[in-house]
Structure formats: structure tokens, C-alpha cells
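Undergrad: According to Swiss-Prot:
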- 1-46: topological domain 'Cytoplasmic' (TOPO_DOM)
- 47-67: transmembrane segment (TRANSMEM)
- 108-128: transmembrane segment (TRANSMEM)
- 129-190: topological domain 'Cytoplasmic' (TOPO_DOM)
- 191-211: transmembrane segment (TRANSMEM)
- 264-284: transmembrane segment (TRANSMEM)
- 285-321: topological domain 'Cytoplasmic' (TOPO_DOM)
- 322-342: transmembrane segment (TRANSMEM)
- 383-403: transmembrane segment (TRANSMEM)
- 404-421: topological domain 'Cytoplasmic' (TOPO_DOM)
- 422-442: transmembrane segment (TRANSMEM)
- 494-514: transmembrane segment (TRANSMEM)
- 515-530: topological domain 'Cytoplasmic' (TOPO_DOM)
């Protein structure tokens, strides 16, 4: 009897070991299958991956915002407005249909996370992670039997020129390697990933600390937040991440208008905005250059010498970085000069000192590309400035005047001609904007008929371009502009879109997503010839 029990026990133990090994083997196989399947989809249809990513975080944010209670528990937010806000934060658009002070501290933290993981720097860091996964089983790119084309928002070769506006060209790593005369080691990509992560941490934590210190040292700014019941830590972290991510949200209803006389605070935020978008590439190159001087690492030297070989679009040559910086600075100066020339004695800058006016003009000019924070009521600005801002919001972040040398059109522009032909038949950005404006004019036609001063074509165009550029500027809605006075009308601090119908808001959600993914259509519409 005992012998039978011993034999049964041994058989059971053997079966357990066998089952455990098979289960472990199955788990590893499943993980590899999922990994390689995802890599295959990512390489062949990265647009699908990006759409899925932003849809996932947007709906996750929507669910979190719905579960958490707003500040005023009796004020129930509409489902569409909550989804709109979640998409707006995820796509760093800062378009608003509800007042920010309606959200509780817990909900503000959710929006902070959405702005962080939806920002350009963070998503580009994810791109580097997938690039590392692609090289995980190889010693280096040069030893690969084939070099797949990776068409991803951050892993692209970007050509700059007077007519390209940062045209994205999909190229294989082998072609990049031949063009640049080197090869990429996996450890170099890993190092770059750590550099971008460090950049993200330094800008966000450093920005939060600077804002926190200012609010503690300046009683007038501290009193504003105390009066509104907003914690300093929440405001500091939220505003810093929003600024670096170029989202444009702030925890207060008035955005930065309430701090328009706190010029030092505005000047502290300006570098964060530039470092997170239009000057990210030059700042990243400066960081790599500094690390090379301090550590002498070969990886830094390689990245500086062959930025295109990495395949990370935010890595630029010295020449490209200089021209991009000059373009950004020139556009800021142009906007600031025009703003001060036209608005110096206007209502928008009323009550400010000369110094505060200059800082406010500079702040507005920087935010037009593409952060969206504001220190003035845009509805009080002249039409010329609003047209200027519309143009600035339309321009891509890396728009640069870069004179092209003879022979600069290299092999990369000849690759994937078949795909380029398909892209030519896709509508251009201007075509999409025209379609979206027409659709919203249709959904809001009743309001345009009864309230033409608020619901006019330019206001709708301004709102659509702002959403498509992921900026967040809005001319707002004013009860004073009603033709027939309505005692029930109440002015609100949120954007003009907050007064739109549900259909109009739904279309604007699509516009924000289109705008966040517009880098996949930088060459669209070339088949259309106007003669």
C-alpha cells in the first residue's frame, strides 16, 4: 500500500514538473509571438499603432475621470465633455469645453499623466524603446540580413528645405547607414534612450521645482492659488508638464491671464515650452554635446557625427539645429514686434507696465507655436494678430528655412517611391482643414444664423486650426456679442468649442487626433496641381 502511494506521488510530481515546463514554454512562446506580431504591425503599419495608443490612453483617461468625483459633486460633467477633455490632454491640444476648476485634485493628476504620456518627448522615447527591441537579437545594424523600413512619428529621416516644412521620408536603416558612412550599435540606441529619458526628467522636474519655488517666494501668486483652493504642488507639477508637453492646460479657469503681472513666472515657463517642442531637437543635441565633453563617450560622438544614422527625427546636424533655432527665434521676434505695434494701447494689455507688456507679448508669441497658454483674452486682439496666430498654429513645429545645397537630395528621397505615390493622392493638410471647417459649419448652422457675431466662419476656422495644430488657442464665447440679449446666457472661461453642439464637439475630437498624427501625412496632396 505504501509502495503504491510512493509510486503515485512520484508520478504526480513528474506530471507537475512536466506541466510546469510545458506551461513555461508556452508562456515564453506566447510572449515571443505577441512581441514579434506587435513589431510586425509596428513596422508595416505604425499609423495603426499610434491611433491605437492615443485611443487607448484617451479612453483610459475618460474612464478615470468618470470614476473620480469633480470638485463640486453636484456638478455632473457630460460624458462627451469628459471624453473631449481626455482626448485634448492626450493629444496635448488643450481645447476645453468645461472649466478647469470643475475638476478635483485627483482628476487634475489624471490629466497630468495624460499630458505626460501624450507629449512629443515621451512618445519619441517610446519609439526609441521599440527601436531597441528591433535590434534586441542582433549585435548591430550592420550585421543584419535585411533592414526593415520603420515609418514612425519619431523614427524617421526628416528633410528640411524651403518647400518641405519638415518632410518625413521613410528610409531603411541600411540606406541611412550607407548615406552616413557608419553603423548603429544597439548600445548607442540604448544610450540615446537614457539621454531622452534624462531630458524628460530634467525638464519636467526642473520646471516643477522652479514654479514651486516662485509660488512660495512670491506672496501675490501664492494668494491667487490659495483663494481658488488649488495646492501649490498640484499647480507646479501640472503647469510644468503641460508646458514641456506643449499642451497649454493650467489648473485655473483663466489660464495664465490671472498671472499676467507675474512676469518672472512667465519667463520661467517660456524655456520649458521651447524645450518641449520647437527647440527640442537643438536642445537634445546640446545635451548630447555636453555629455560628450564631460564623459568622452564614443556613443555621444557617434550621435553628433551621424545623427541621421540613428533614425530618430529629433536628432539633427549642427547646421539643421542652427537654422531651426534661427527660424524659431525669428518667428517669435516677428510676432512680438507686430503684437506690440498693434496692441500696445489696447484693452488686451490694459493696466500693465511697459515691462509687463513686453513679457506678455513674448509669452503669447512663444505659445502660438504650439503650447496654447495665454495671458490675454484673444477675443480682444486685433484681427491682424488673430490671422498671424492662425498661420503660426498651422506651421509644423520643426518648420525651418534651410537653404538646400546642390546634390543634397540623396538616396533617401528615392526610397519607397510606391508609398510616396500613394501619399500624393492623400489630401493635403489644407484640404483636411477645409473639410473639417465645412462639416462644423454644417453642424453649427443654426447657431451661425441666430448668433452670427460669435458663430462666424473665422472663429470656427481659428478653433479648427488650433485643434489641428494641437495648440489650444480660442477666441472664446461672449454673451455681449449676442444680437438679442439673453438673461440666461452666462460667460464661461472655456473655449469657443464649449458652446458647440455635440456633433461639432465630436468632429473636433477627430480633428485633434488628426492633428496629433499629421506627421504621417507631410507629403499629402502633391498630386493636386493648380494651374
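Cβ from N, Cα, C; glycine included.
A description of the local structural setting of each listed feature is requested, covering burial, neighbours and distances.
TA: Summed and averaged per residue, pLDDT over the topological domain 'Cytoplasmic' (285-321) gives 90.
Listed as Cβ neighbours of the transmembrane segment (322-342) (distance under 8 Å, sequence separation of 6 or more from its ends, same chain) are residues 160, 274, 278-279, 281-282, 316, 357-358, 361-362, 364-366, 368-369, 382, 384-385, 388-389, 392, 395, 398-402.
Sequence-distant contacts of the transmembrane segment (494-514), counting only residues of its own chain at least 6 positions beyond either end whose CB sits under 8 Å from a CB of the stretch, comprise 51, 54-55, 80-81, 83-84, 87-88, 91, 93, 95-100, 253, 432, 436, 439-440, 443-444, 447, 454, 459, 462-464, 467-468, 470, 472, 474-477.
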Undergrad: Below 8 Å between Cβ atoms, which of the listed ranges 108-128, 191-211, 383-403 makes the most pairs with the transmembrane segment (264-284)?
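TA: Looking only at 108-128, 191-211, 383-403, the most contacts with the transmembrane segment (264-284) come from 191-211.
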